[in-house]
Each structure stands twice: as C-alpha cells, then as structure tokens.
Amino acid sequence: MDNAEEDALQLHGDEEIIEVIDLSDAEQTPDDLAEEFEDVDFADAGNQDPDDEGWETEDEMEAEQDDSELTFSKHTGSVFCVRLDPATNNLAITGAEDDKAYVWSVSDGEVLFECSGHKDSVTCVGFSHDSKLAASGDMSGLIKVWKVETKEEIWSFEVGDLEWLQWHPGAPVLLAGTADGNVWMWKIPSGECKTFQGPNCQATSGKILPDGKRAMVGYEDGTLRLWDLKQGSAVYVIKGHDGHQGALTSMECNKDGSLVLTGSVDGQAKLINTSTGKVSPPAQNTSLVVYDRAFTVLPLIAVAYLDGTLAIYDLSTHSIRHRCKHEVGIVHLQWEESSAVLATCNLGGVVTLWDARSGNMVSEYHGHSAEILDFTLNREASMAVTAGGDHKAKVFCLQRPDR
C-alpha cells in the first residue's frame, strides 16, 4: 500500500469506478420527512457452471476457510443483492438469479417469507425506513411490495427494465429508475404515481437526498439531473464537461446532502454542490476536489476501482492519502458509521476491513467460493451480510480489538 500524501488529489483512473462513498450516513428524521409528502400531487401514470471441473479445485480450496457465522442457502442461483431492515437490523432481504427474494432472520437463517411471483432475476431489494414494508424488483421491471408483519403482498407494478430501486428515507414512498430513462415514484400502498422523464437512455444510478425532497439521478449518457420530488421538475442538468463521459455507476452524498460524489465507467469521480449544481473545478487536467467536512470524524472519501484499487482521499489537504490494492476487482464498499474503518467486498469472495488512517488492512473474512456481488453492514458495524455468486448469503461477525 502506498502512502502518497504528496500527490495532488486526482479522482480519476484508467479503470471503471465501481463505488464512491463518503464517510458518514445521513441522519434521518422520518416524521418530518413523511409530513413533507402528505401534500405531494401524484398524477396517474400511464455462464459458466461453478461446479465445472476447471473451477472446482480452486473453489473448494477457497471454501475450506469459512469465517461466517451463518450461511443462507435457500437460493438456487447467484445472489445479487442484500439489505438489512433499518429498524432492528435483525432481518435481511436477498434477491437472486432464481427469480426469488427471501426475507429471513440473520440470527438463525429462518425464512420469514418468500417474495414469490417474479418473472426474472431479482436484482433490487430493500426495506422501508420503518422496516414495515419490503420491496423486491426484478430485471424485467416487475416490482412487488410486501407487508413484513403479515407477510402479504400489498402492491405490485410493472415498469420497463429495472436499473435501481430505493425507498424514501422518511415516508412509504418508493423510487425506481428504468432503462428507458424514466424515474418513477409511488406512494405505497395506494400506488399514486409521479414520473420524472429523463433523456432517452438508461437511468443507471439514483440517490434520494437526506432532506427527502430531492433526488440526484445519473444516466447512461453521463448526464445528471437533480429532481424536485414534490414539484416533479428538474432543478438543473449537469452535462458536457461538467458531466461524465460515460454511464454513472454509483453516487453517495454527505451527511446533510449538500454534496454528492459520483462514479462512472469513464474512470472519474466528480463532486457536486447540490445547491448550485456546480462541479469541482479541474486542476492539471484532472478533477481537483475541495471537500471541507468538519462535521465528520475524518475528512475522507473512498473510491473503488475495477482493477482492485481502493483510493483513500484526504480532502482537507486535497491529496490522495492511501492506495490499497486488492488482487481482484472491488464490487462494493461501505464505511462504518462514525469511524475511519471501511469494508470492501471483491470478486475473490472476500470481505476486507481497512483502516483509512493508516491504509492498513485490519482483517479479512473468507467463506464464499465465488465472487461477492453485494454486502451490507449493520448499524454497529459488528456484522456483515453478503450476497454471493455461489448461490449463498452469509453472515459474518466482524471482530476488532477496539470493540
């Protein structure tokens, strides 16, 4: 690992950016946010087999070490996505290639209910802010919402090919981005709907900001739009030199939603002031990001690249602090809350904890015999729940000496 503090901050690279994320999660005020949506005017809406002999020996060797506390094995295809219920962190929902999603207990793996009836791989799942509702969406665009307490399906809708699905942070409102460029917003369970029409290309990434009133959406053509969810109009459009030169792959915001950091297949990360739409100015033909965030533990951001590089940036000095190298590509990363430790999962099937202050690896967790396609941490960062290409989801207990 390099500690190149003298380097100018250059949020770009030759490889696709898989994930960009800031240090802190947004604090939610559900009651206030729910009130904001009471008067919203919703208008009517019109592979290669892993058992193949060529893989078997390596996979069996990898799987010999299993650090997980629990393995969920109900799926019969690659598990693409996983989320924890925000209220208790006791329930997980997973979606998979087998056209199914399950809601299950992370303590014993017991299935609470199956989200059945999908027609394609389930690639998007999530719980509402109060954990009372669970949503599952498949690649074909069929979205279903389930009431967790009664285990019943209470709403469904079909859109075009689904790109992403996200619950509002404080109201029973669901947003979805589709391959035709539209973003849909529904009140659940009434189904009252509003649509936000983008360019004639995929709405590849979206993020509802912490105020619950706005959403930033990135598109396949590299443009971004900030949408006013109540008015149904675009506040501004970012394109051209300020936009990306390829499809958006990820985005995150800081604690108060004043800044959004975006990643793209063009290998660059951009920082956007959400109030003005201004993108940080370039320096030396690269993106120089000035990111003053005194309200966080440390002024750090992390950018993960497809070539396995995890770049940690110190934004108070505008320099790269560490380059942490994985042997294989990084799929996803997540910071611990109020901590300088972050976790990554990769194509080698490993979860790794990193200390962003030193750039050193804290620990590794093995157990999957194929790539990890998604993971999430619980609130205390004492547990990671993973979704794997080996048809399994796993629960890992993350132990650290300071805990």
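Glycine is treated like the rest: Cβ placed from N, Cα and C.
In TrEMBL, annotation is done automatically, which means it is predicted and not curated.
Keep in mind the model is a prediction, meaning the values are calculated, not measured.
Annotation source TrEMBL lists compositional bias 'Acidic residues' at 24-42 (among others).
If you look up TrEMBL, you'll see 49-69 (among others) marked as compositional bias 'Acidic residues'.
Look at TrEMBL and you will find 300-372 tagged as domain 'Anaphase-promoting complex subunit 4-like WD40'.
What TrEMBL lists as region 'Disordered' is 24-69.
Per-residue pLDDT, averaged across the repeat 'WD' (72-114), gives 98. Annotation comment: TrEMBL describes 72-114 (among others) as repeat 'WD'.
Under DSSP, residues within the repeat 'WD' (115-156) fall into helix, strand and coil as 0 helix, 24 strand, 18 coil. Feature annotation from TrEMBL assigns repeat 'WD' to 115-156 (among others).
As annotated by TrEMBL, repeat 'WD' applies to 165-196 (among others).
Here TrEMBL flags 210-237 (among others) as repeat 'WD'.
Residues annotated as repeat 'WD' in TrEMBL: 241-282 (among others).
The annotation repeat 'WD' is assigned in TrEMBL to 323-364 (among others).
Secondary structure of the repeat 'WD' (165-196), assigned with DSSP and counted as helix (H, G, I), strand (E, B) and coil, comes to 0 helix, 19 strand, 13 coil.
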